[in-house]
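Report on the structure given below.
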Amino acid sequence: MSPAPAATQAPVSVSLFDLSTDAPVLQGLRLVSHFPEEALAQSLQTSCPGSEEQISPERRPFQGALDISEKLFCSTCDQVFQNHQEQREHYKLDWHRFNLKQRLKDKPLLSALDFEKQSSTGDLSSISGSEDSDSDSEEDLQILDEERADLEKPTRPQGFHPHRVLFQNAQGQFLYAYRCVLGPRHASASTYCVVPLEESELLLQNLQTGGPRDCVVLMAAAGHFAGAIFQGREVLTHKTFHRYTVRAKRGTAQGLRDARGAAAHSAGASLRRYNEAALYKEVRDLLAGPAWAKALEEAGTILLRAPRSGRSLFFGGREAPLRRGDPRLWDIPLATRRPTFQELQRVVHKLTTLHIHGEDPRETSRLDLPQTHRKRVRERKVIEEESKVPSDENEALGQNKEAPTQGSESEGGDGSQVELELVEVTLGTLDLREFDVFPKQRRRKRNKRERKQDLESGAQMTLSQQPKEDEALSGSAPLRPPLDEATSPCQSELWDVLLAACRAGDVGMLKDRLTASPLHPGVLPLLSAPLGSGGFTLLHAAAAAGRGSVVRLLLEAGADPTVQDSRARPPYTVAADRSTRNEFRRFMEKNPDAYDYSKAQVPGPLTAEMEARQATRRREQKAARRHREEQQRKQQEQEKQEQEEQQRFAALSDREKRALAAERRLAAQLGALNPQTPDPAITVSNIPRCWSCGMSLQGLVPFHYLDFSFCSTRCLRDHRCQAGKPSS
């Protein structure tokens with residue numbers, strides 16, 4: 001066995017923008033990533049050992065530049081044609097197909113006359129005959145075609161990357177750089193042919209100058225667009241667009257589905273089509289702008305990444321921003337993610353990175369990945385043996401028919417019976433999960449009415465009316481304040497009395513009880529004691545019931561507004577109305593340091609000046625609302641009066657309308673002589689109106705014919721039709 005190759009050193013990565021012209025790495029560069037014809041032929045010979053003796057002169061690789069022949073000639077059948085149609089018809093003949101097989105098998109070719117003679121005598125197997133012969137011949141042709149493709153295709157050596165260029169410097173180091181950042185492509189350049197001398201010098205010059213100075217990068221995919229203009233490493237400008245054009249759970253754009261003839265007519269499909277058109281317009285307007293158009297014209301390198309279906313964004317239509325065949329235009333030779341500005345920066349950084357190897361990377365790849373040579377040989381004997389398998393199996397099955405009887409006789413002779421028991425075993429794999437999976441439970445949202453009922457039930461909760469669930473949660477302990485002082489029967493009675501007074505708003509009884517607090521030490525602890533498992537205090541009950549005076553009295557007596565119930569709610573948040581909440585704010589203004597009001601969730605103090613301003617603002621709002629309502633009422637009356645006058649005028653005859661018009665003209669003349677304040681009723685009745693519908697013509701340009709005036713052409717046409725005159 002050959003010893004394993006030594007581990008190669010990892011290549012060093014250097015940015016092209018960090019290299020200067022006099023860098024040691026760039027001294028004595030020469031281009032080594034081209035393939036002469038001799039190297040190509042040698043690679044073909046070494047790819048298949050022993051193939052030199054098998055390959056006929058006709059199948060040897062063509063020496064010279066590869067191009068498409070324009071001659072009307074078939075090299076297989078040695079036939080000359082008059083036109084392309086005759087040449088295409090020849091390729092469909094059995095004679096041409098037979099000669100192709102003969103050529104692939106290295107057998108002599110037949111002329112047209114010999115082929116007709118042998119086919120008429122039956123010496124040749126029919127190319128399109130029975131199914132067996134046809135399938136065999138087609139399989140042979142396919143296998144030989146694969147062998148020919150393996151032998152004749154220009155296999156490139158290991159370690160060669162078509163999008164990169166390999167250089168070697170004076171120190172013997174190998175430099176790998178991406179071709180797209182080393183200037184425009186040459187017209188006669190080819191991937192596997194010799195690089196022209198002019199392009200070789202251009203590549204060396206661009207590498208030594210530090211890569212592209214002006215570069216435009218454009219990416220578009222799935223409704224996303226990203227573009228940037230780079231000057232060296234610096235970003236001059238960039239722009240991104242995003243439109244919803246991809247169909248849900250499909251990953252394809254809407255336009256691609258429409259192009260297949262399955263256009264959807266839903267609202268979502270229409271929205272996606274609109275977004276496609278909007279994205280097309282936005283990108284075209286951006287690239288047609290002065291800054292981007294100038295950058296595309298002066299850039300030395302243009303990098304593009306777009307799917308085949310989305311390239312019309314850059315090449316289609318009139319005044320396309322990019323031109324096909326532009327030598328500066330390159331496809332991005334990297335796998336890219338979603339088009340974003342960060343992805344553009346990553347692509348430019350990746351493409352402008354120079355990889356420096358200590359050894360030839362092609363040799364390293366060849367040693368690391370040895371080539372495996374495969375031979376595809378079809379043997380008729382193997383097929384014949386496989387065809388005999390069914391008959392052999394039938395014979396074996398016939399011989400085995402007696403086996404069960406013999407086995408049963410032997411078992412009967414031995415007297416031993418074998419019992420088989422079928423056991424079903426269930427294997428659980430839930431314990432192998434990394435995380436526990438629980439079904440997601442949806443919380444039902446309660447409406448305002450349910451929340452209000454909860455507050456009322458909390459306010460009316462007493463010790464004797466606690467639900468049975470509270471008994472289960474609190475154990476066997478009675479629903480009493482968790483205080484030692486409240487264990488006596490007198491304390492329980494006092495608690496019930498205070499709670500009933502808070503709910504009913506009995507301020508007098510509370511004053512009598514609270515004024516005796518210095519004499520009765522059991523009253524003061526009950527003010528802030530929670531009520532059972534619900535956690536309601538006396539202050540909670542009074543606030544939920546909307547008793548503002550009771551809340552003020554309890555706060556002045558020493559009730560703590562920071563005590564929370566079982567749902568972590570202070571008394572301020574359960575207040576029934578604004579007036580009750582204002583009592584907490586007034587107490588905060590008088591006693592700012594008494595409690596932690598942030599814990600009590602009281603927003604701020606309420607001073608007398610603030611209340612005065614609020615009262616003034618409410619009065620102004622009320623006056624404005626009354627004035628607005630009065631204006632609306634007057635407007636409605638005017639509209640009603642105008643509608644009645646319009647209906648009355650429309651019901652008049654033409655004679656009466658002429659009389660009213662004469663009176664209106666006379667009144668206008670008298671008003672000009674004696675100007676007075678007009679009466680609103682007279683003004684409404686004497687204003688000019690449409691002769692057909694009676695609509696007021698004030699502020700409108702009327703339509704006239706003869707002595708009649710109309711508000712619209714429709715009324716004019718209706719009046720003419722009624723008068724029996726033509727409308728033209």
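Cβ atoms are placed via backbone N, Cα and C, with glycine included.
The feature region 'VCP/p97-interacting motif (VIM)', as given by Swiss-Prot for the ranges 95-107, 251-263, 654-666, sits at 654-666. Other Cβ atoms within 10 Å of the Cβ of Ser266 (phosphoserine), summed over all protein chains shown, number 8. Taken as a whole, the domain 'VLRF1' (211-354) shows an average pLDDT of 84 in this prediction.
Following the DSSP three-state reduction, the secondary structure of Ser266 (phosphoserine) is coil.
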